[in-house]
Amino acid sequence: MEFLERPDAQLIIGVAVAAVAVGATAYFYFSSKKSKVCLNPEEFRAFKLVKRTQLSHNVAKFRFELPTPTSVLGLPIGQHISCRGKDSQGEEVVKPYTPTTLDSDIGYFELVIKMYPQGRMSHHFREMREGDYMEVKGPKGRFKYHPGQVRAFGMLAGGSGITPMFQVARAILENPNDVTKVHLIYANVTSEDILLKEELEGLTANYPDRFKVYYVLNQPPEEWSGGVGFVSKEMIQAHCPAPADDIKILRCGPPPMNKAMAAHLEALGYSPEMQFQF
């Protein structure tokens, strides 16, 4: 009791309590850090669909819940996951997809899926309802990124090939320590086919000096200021960084587009080291 009456007693007790609190917080943080990562590259894990948002007649956004509100998927920038489901014949099918969310989005991950009439995995997504589970494995992919890796990225995307581009662009732009610039050319058939249009426009508005997007349509509306037809060498020259050791061009689209873009880039002087295809 005499100790408690001393003038410095409350200060000593306060410091001790604070130290215990800090220690407990640190222990919780570091001990739970590993358990927050949900992906496993060796085994499929099931995640619950908690929200399905129909974006158009054949495109929907699927939000999957992670085990806890503080869980993260654990997907490195530019890599993808494998999703397992069943086709219309009940046979197992596995296909890669890139989430549009990052590990800064805790407690969930999202996929924006374009469902094709004859697509085997498209059938599985078309039949999914809130409360159903999706089996996922990963991470997978050869792409590796760290801030300052290049001065600028050029991105050539077609259709649903926008998802890895969006993931990489968002990770770069939302990192305050990353000054990399991103130049995107995004090709589609019609304006209704443009995926993540609102999100892309948001990046343009928030990072006008670091993010540029140029849309190309095969069948543009009457009033259209973007590109028309297929992505050409001239479009790449006008809207992507010129060949240099400190830039890289990323490609992701249908096989015919990827083949055409590879030929354009070679003709323009981009070496293999300056290119990457998802």
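Backbone N, Cα and C define each Cβ position, glycine as well.
A sphere of 10 angstroms centred on the C-beta of Pro96 (FAD binding site) encloses 15 other C-beta atoms. What TrEMBL records for Pro96, Tyr97, Val112, Lys114, Met121, Ser122, Thr163 is FAD binding site.
As annotated by TrEMBL, domain 'FAD-binding FR-type' applies to 42-146. In the predicted model, residues of the domain 'FAD-binding FR-type' (42-146) average a pLDDT of 95.
Annotation comment: TrEMBL describes 12-30 as transmembrane segment.
For the recorded FAD site, residues Pro96, Tyr97, Val112, Lys114, Met121, Ser122, Thr163 set the reference point as the centre of their Cβ atoms, and the other residues of that chain within 8 Å of it by Cβ are Cys83, Lys95, Thr98, Leu111, Ile113, Phe125, Ser160. Within the same chain, the residues at least 6 positions away from Ser122 (FAD binding site) whose Cβ sits under 8 Å from its Cβ are Ile113, Lys114, Met115, Tyr116, listed in sequence order. Largest Cα-Cα distance over the residues recorded as binding FAD, namely Pro96, Tyr97, Val112, Lys114, Met121, Ser122, Thr163, equals 17 Å. Val112 (FAD binding site) counts 22 other C-beta atoms within 10 Å of its own C-beta, drawing on all protein chains shown.
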